[in-house]
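In what follows, a single structure is set out as structure tokens and then discussed.
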2 protein chains.
Amino acid sequence: MQFKIDGKSFHKTRACTIKTAHSTIQTPVFMPVGTQATVKALDANDMLSLGAKIILGNTYHLYLRPGSEIIKKFGGLHGFSKFPNSFLTDSGGFQAFSLGDNSKPDENGIMFKSHHDGSKHYFTPESVLDTQYELGSDIMMILDDLVALPNTKERIKKSIERTTDWAEKAITYHKSQQEKGIGINQNIFAIIQGGTDKEFRKLSATQLCALTDFDGFAIGGLSVGEPNAAMYETVEWTTDFMPEDKPRYLMGVGTPEDLIENIERGVDMFDCVMPTRNARNGSLFTTYGKIAIKNAKFKEDAEPIDKACECYTCKNFTKAYLNHLFRAGEITYYRLATLHNIHYYLTLMREAREAILADNWVEFKKEFYKKRGIEI
Amino acid sequence: MQFKIDGKSFHKTRACTIKTAHSTIQTPVFMPVGTQATVKALDANDMLSLGAKIILGNTYHLYLRPGSEIIKKFGGLHGFSKFPNSFLTDSGGFQAFSLGDNSKPDENGIMFKSHHDGSKHYFTPESVLDTQYELGSDIMMILDDLVALPNTKERIKKSIERTTDWAEKAITYHKSQQEKGIGINQNIFAIIQGGTDKEFRKLSATQLCALTDFDGFAIGGLSVGEPNAAMYETVEWTTDFMPEDKPRYLMGVGTPEDLIENIERGVDMFDCVMPTRNARNGSLFTTYGKIAIKNAKFKEDAEPIDKACECYTCKNFTKAYLNHLFRAGEITYYRLATLHNIHYYLTLMREAREAILADNWVEFKKEFYKKRGIEI
């Protein structure tokens, strides 16, 4: 992976370029979620038409179905889904923890039962990399030890230590595999934990970032219900312990406002189900804020979702038609809405990048909020 | 509507051209079903890319939601859905009968309760045309009196007489409306009833086809569970009572085999939910017959659905990927499968037309069955 900083603006904002074996990614970047080897309601060509340079796949889901060994036979996620740009895959640990039944971490990994059929599986720092080698993702995430919150300080501290231990095992294993010719074009990111506790975050960041063989670092364990202010403060604090010369990825975040606030706090990469899930629930993003397409006031509205939007849906269809399709439960709706919401997120990131490169961040952010009726 | 016969081949096969205000339709033609102003899982541009010149909308559904008065404000179905080619709309009578609660026909129309909210509505031969004027369809179907089968000969005879009576009312009303400038670009078809009884079919066809102001004639009430042979025999018999110089439409039919058999029996136009519904259920059409994409044998199948197929899905994706998407319940699957199945139907009709124009029907039909493992 090649990484360079192209420009900076206000506070910690930065615009970077990440080059993987499959694409050149300009940051700040939002990675649409394609859990099961497809972004829900869209296909590979849709993602290309949206200009997506990287999407996310979920290792837990793909490991269980169709199985990473099948995906490997098709040349990994790229060959299987036909999306030629980059993939980032998570470790599967979070889903084993949240979706798997009776998940149990121990010193060496996580035991869990499949939510499909109850079959037993065991994820280790090494096994989740083996799965991700088969998936062929451009960026692999390490297994981390998650704990349910709230929890005792002792248990959280243990989770941080274990996460560091597993990160060491992962990077050692990855280097040894690469020496054997496995995963040579694949990159690996560690995940900083510690909740919203500054000392824990500092501890985790310091320990992990000392492992300089990692290609990038993520901030995990946020956007799990804590107040926005606490999330922003934690990111502000944590990025100071992360290296300048590697990508910074804030996992599972967030709203357009969250993206803007965290770009300012030094984050380069984001992923979230929000644009895709909201689309399916009838919540569409515009420069003026969200709208609920089901609303009766749109029944005869001949305008597109957002007059300023250049997406396929806005160029072709009215709010009245989308309102009808949504109310009628038509599958057609889901693709049109998803295309729009992802286009919104990717465009916002492109505009943020331009603002940083033009050293115009403060004005850009002010305008972003002003259109939403918020003066800052 | 302009209508001309371009060529004939074996038995009653014919290739015709129908010209409406919105498109030129070459027959034999299959009309994909777009019940709620969209073909399920696809949009207007998808239909254009498939080369569809005409699709079907359901008056009952659109009358109830979003309401034909809203669709009228958008310039009818064409403006609302953005599909610029032709629409055929049914009368709504069949759905009022099959979906509406407590539907009751009387001398003047059909009373029924909406399946959405139980609200009461009354369809008359004139009111269903008023709705279809608002929908702006290129071909409107008349209200017919449907009876549950089996039934007494007396009741069936009464239904035929009533259908003729309503057809007379409909054509009189349509002509008077056209004189007022309403529906001047819209065409109207009558529907021949009579089940599989030859005398009833003859009676209905003779009475309706005597109403020479109709732009075309349909055969209704088939493909409702009768044996295939009975359907084919009824069509064979009925088309002899239908004029040569107007389109013949067999409603709600059918399988690829049904289309081939009924083209031979003199039918020009078809519609059916089969390609779209089967797609969603995992049943995909190929030149060699149907396949169930869920089948485990496709899990690692790197071939497209049909190697001979030129559709978007076959040009881009493997059976293994579609198998995975279907099993995973991904919305993405529905569009890809629907694109393929409709492409199959439309291509079959194009090939049938070419065979007729080349006076090569018998050979074409033999090949069609041979690829399916059937010698005829």
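Cβ coordinates come from backbone N, Cα and C, glycine included.
Here is what TrEMBL says about this protein:
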type	residues	note
ACT_SITE	B:Asp90	active site, proton acceptor
ACT_SITE	B:Asp271	active site, nucleophile
BINDING	B:Asp90, B:Ser91, B:Gly92, B:Gly93, B:Phe94, B:Asp144, B:Gln193, B:Gly221	substrate binding site
BINDING	B:Cys309, B:Cys311, B:Cys314, B:His340	Zn(2+) binding site
DOMAIN	B:13-372	domain 'tRNA-guanine(15) transglycosylase-like'
REGION	B:252-258	region 'RNA binding'
REGION	B:276-280	region 'RNA binding'
- line: Taking all protein chains shown into account, the Cβ-based neighbour count within 10 Å for B:Asp271 (active site, nucleophile) is 23
Task: Based on DSSP, name the secondary structure state of B:Phe94 (substrate binding site): helix, strand or coil.
output: helix
Field: For the Zn(2+) site built from B:Cys309, B:Cys311, B:Cys314, B:His340, further residues of that chain with CB within 8 A of the site's CB center
entry: B:Pro304, B:Ile305, B:Asp306, B:Glu310, B:Tyr312, B:Thr313, B:Lys315, B:Leu339, B:His343, B:Tyr344
Message: Let me spell it out: take the region 'RNA binding' (B:252-258), skip the flanking residues so only those 6+ beyond its ends count, and list any with a Cβ under 8 Å from a Cβ in it.
response: 220, 222-224, 228, 231, 270-272, 274, 285, 344-345, 348, 368
- prompt: Over the region 'RNA binding' (B:276-280), what is the model's mean pLDDT?
  reply: 98
Message: For a three-state summary based on DSSP, what are the helix, strand and coil counts in the region 'RNA binding' (B:276-280)?
response: 5 helix, 0 strand, 0 coil
Task: Can you grab the distance from the residue listed as 'active site, nucleophile' over to B:Gln193 (substrate binding site)? Cα atoms, rounded to a whole Å.
output: 17
Statement: Nearest to B:Cys311 (Zn(2+) binding site) by C-alpha distance, among the recorded positions B:Asp90, B:Gly93, B:Gln193, B:Gly221, is B:Asp90
- request: Going by Cα-Cα distance, pick out whichever of the recorded positions B:Asp90, B:Cys309, B:His340 is nearest to B:Gly221 (substrate binding site).
  value: B:Asp90
- prompt: Of all the binding-site residues given, namely B:Cys309, B:Cys314, B:His340, which is spatially nearest to B:Ser91 (substrate binding site) at the Cα level?
  reply: B:His340
Message: Across the region 'RNA binding' (B:252-258), what are the DSSP residue counts per state (helix, strand, coil)?
response: 3 helix, 0 strand, 4 coil
